[in-house]
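The structure appears below as C-alpha cells.
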Amino acid sequence: MRSLPLRANYRMAASARSSLAVPLFMCLIFAAAANDASEKDDNAPKSPGCDNDFQLVKIRTWINGVEAKTIDGITGTFGSHVPTSAEKGLRLPVVFTNPLNCCSTSSELSGSAGLSVRGDCSFTTKANIAQQAGAKALLVINDNEELDKMVCSDADIGLNISMPVVMIPRAGGDIFNKSMISGFTVEILLYSPNRPVMDWSVILLWIMAVGTIVSASLWSEFTGSEVSNDRYNELSQKESSAETYRTKVRSDEVLDLTVKGALVFVLTASAFLLLLYFFMSSWFAWLLIILFCIGGIEGMHSCIISLTQRRCINFGQRSLNLPVLGEVSLFSLGTFLFCVAFAVFWAVTRQSSYGWVGQDVLGMCLMITVLQVAQLPNIKVASALLCCAFAYDIFWVFLSPLIFHQSVMIAVARGDNSGGEAIPMLLRVPRVFDPWGGYDMIGFGDILFPGLLVAFARRFDKASKKDMWNGYFIWLAIGYGIGLLLTYLGLYLMNGHGQPALLYLVPCTLGVIILLALARGELRELWHCRIESYSSSSAGSSEPGDLVSKLEEGR
C-alpha cells in the first residue's frame, strides 16, 4: 500500500495551503518605504530660520581622549546645518547646561556643546538660551530611544539660531551622563555623511522580487509532474488513484478571484491598514510576527514538499499514524519540524545583523505558495484588482497626509509606535555601503498584486500553446522588472520619500498586457476567458489539448 503515504503528504500540504487566508490578507497591505539622511516636514510652521530640512547626524565621541561609541541624532527645522564630512566638523567639549532643562539663563557654555534634557519649555527656547550662553552646539536628550522631530511654533518668528541643535536618544544621553558625572572629559564631533545614490542592496532586492514572481509563475514546470510517465506506468492501480487524489486536492485548494472579491479585498485591506495605524503597539507587532511565522512555515513546507516530491518520490513512502492528523509521511513531518525550527530561529534572532535572511526566505516561500493558491481567471478580474490596488497605494502613500498629517502607509511600514518591532510583511536587504545603514524594502503587496497577473499570463500562454516571444508572460516579467527600477528611480528623485510602487508596477504589467492584446487582436479573448484554476498545478497530468479545450469553454 504505497499510495497512503503519498496521499498523506498531499493532505498535509493542502491543509497548510488552505489555512493561508490570514497571512495572505496580512501580506498584501504594505508598500515600499525608505528614509534618507534628510527629509522635509510639510506640516511644521515655516518662517525664516525655521525652514531647514531634518538631517540625520553622526556624533563621534571621545572620553578622556579615547574615541568611544558613535551616536546617531537628528537636527531640527532651526539652527545651522551640520557638515557632510568629519574633516569639516568642529571637535567640541561637552558641558551640562545649568539648569539641566536649559529653560532659563544658563551658566557659561563658551566654546562648548551644551547638553540638556527634553521638557519644560520649547526646543527653540533651549536653543536661544544655550546660544546666548556662548554654546557652539546643543544636544537635547530625548526621554526615549526614538529621534523625534524638533520643530518651531507659530510664535517663533525671525528666529536666528546659528549653531546646530541635535536630538539624541536616551541611551546616548546616558553615555554622556555617566562619563561626565565620573569626572571624565567628553568631546564630540558632529557631521552628516551623504547617502550614496544607489546601494548594492537595491540590486539584490530587485533580483529577489522578480525571481519570486518568475519562480511562482513557472512553479508548475518544476513541480507539475512528480515523476516521469514511465515511472507512473510501473505503479499499481492504487498508486494511480493517489494521483487522482492529488489532482483533486490541488483543484480544491485553489482560490479563483472575482471582480467583487477584488473590490471587497482592497476595501478590507484599507480598513486593516487604518487599524494598524491607530492601534499599533508592541503586542500588535508581535501578533503580526506570529502570523508571519505561521504563513512562512506553511509556505516553506509547501515549497519543499512540492519540489522534492517530483524527483524523490521515495521520500514519501514511510508514514506515521498521528492523532488528529491521521497518517502522515515521515518526510513531510520532518520537513514541517524543520520549517518550524527555522521560523522560531528567525523570530528569536530577527533583530540581529543576519535576521533579514530568514525573513526573506520565509517571505518568498509564502508568496510563491500564495500565488499557487490565489489565481486570476481573466483580465477583467485582473483589471479590477490592479486598478483598485493602484488607487489604494497612491492614496495611502501620497494623499493620506492630507487627512492624517502623515503618510499612513509609510508610518505602518516603518513600524511607528510598535515599540521598536519592525513589520515583517516585506522583503528587506541591508544597505551595506550606506554610512547610515538601514534597509531597502519592498512590501509583499508590491510583489503579489502584479505577480497574480504575471502568473495568469503564464497559464494563458501554456493553455494557448504560445511560444515565449509570442506569448505574454515574458513581456510582463520584463515589464515588472522595469516598473521596479522606475520605483527606485522615484525614490532617488524624491530624496528617499516612500513611493507607492504600484504606481509604476501596474502600468508596466496591466498596461503592457492590454496594449499587447490590442495589437494582437486578443483582448476580448483575454478579457472573457476562464482557464481552469487547477490547470497550472495539474499540468503534469493534463494534455495540452485538454488545457486548450478548457480555455475554449470559457470564451
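Note that the numbers count up from 1, one per residue, in the order the chain is shown.
Even glycines carry a Cβ here, placed using N, Cα and C.
Counting residue by residue with DSSP, the domain 'PA' (93-174) contains 15 helix, 18 strand, 49 coil. As annotated by TrEMBL, domain 'PA' applies to 93-174.
Per TrEMBL, the feature region 'Disordered' maps to 535-555.
The feature signal peptide is assigned by TrEMBL to 1-34.
If you look up TrEMBL, you'll see 200-219 (among others) marked as transmembrane segment.
According to TrEMBL, the feature transmembrane segment maps to 257-279 (among others).
TrEMBL lists 285-307 (among others) with the feature transmembrane segment.
What TrEMBL records for 328-348 (among others) is transmembrane segment.
Here TrEMBL flags 354-374 (among others) as transmembrane segment. Tertiary proximity for the transmembrane segment (354-374) is limited to same-chain residues at least six positions away from its ends with a CB under 8 Å from its CB atoms, namely 17, 20, 23-24, 27, 208, 211-213, 215-217, 219, 253-255, 257, 292-293, 295-300, 302-303, 342-343, 345-346, 424-430, 439, 444, 447-448, 451-452, 455, 536-537.
Residues or ranges marked as transmembrane segment by TrEMBL: 381-399 (among others).
The transmembrane segment feature in TrEMBL is assigned to 436-457 (among others).
Sequence annotations record features per position, and here TrEMBL assigns transmembrane segment to 469-489 (among others).
Annotated transmembrane segment per TrEMBL: 501-519 (among others), in sequence order.
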_Can you work out whether the transmembrane segment (257-279) touches the transmembrane segment (200-219), with the criterion being 3+ CB pairs under 8 Å where the paired residues are 6 or more apart along the chain?_
no
*Same-chain residues at least 6 beyond the ends of the transmembrane segment (469-489) whose Cβ lies under 8 Å from its Cβ atoms*: 32, 198, 202, 206, 209-210, 213-214, 217, 442, 446, 450-451, 453-454, 457-458, 460-461, 499, 501, 503-509, 511-513, 516-517
*Give residue numbers and ranges for long-range contacts of the transmembrane segment (200-219): same chain, 6 or more residues beyond its ends, CB-CB under 8 A.*
306, 360, 364, 367-368, 371-372, 427-433, 439-442, 446-447, 450-451, 454-455, 457-458, 473, 477, 480-481, 484-485, 488, 536
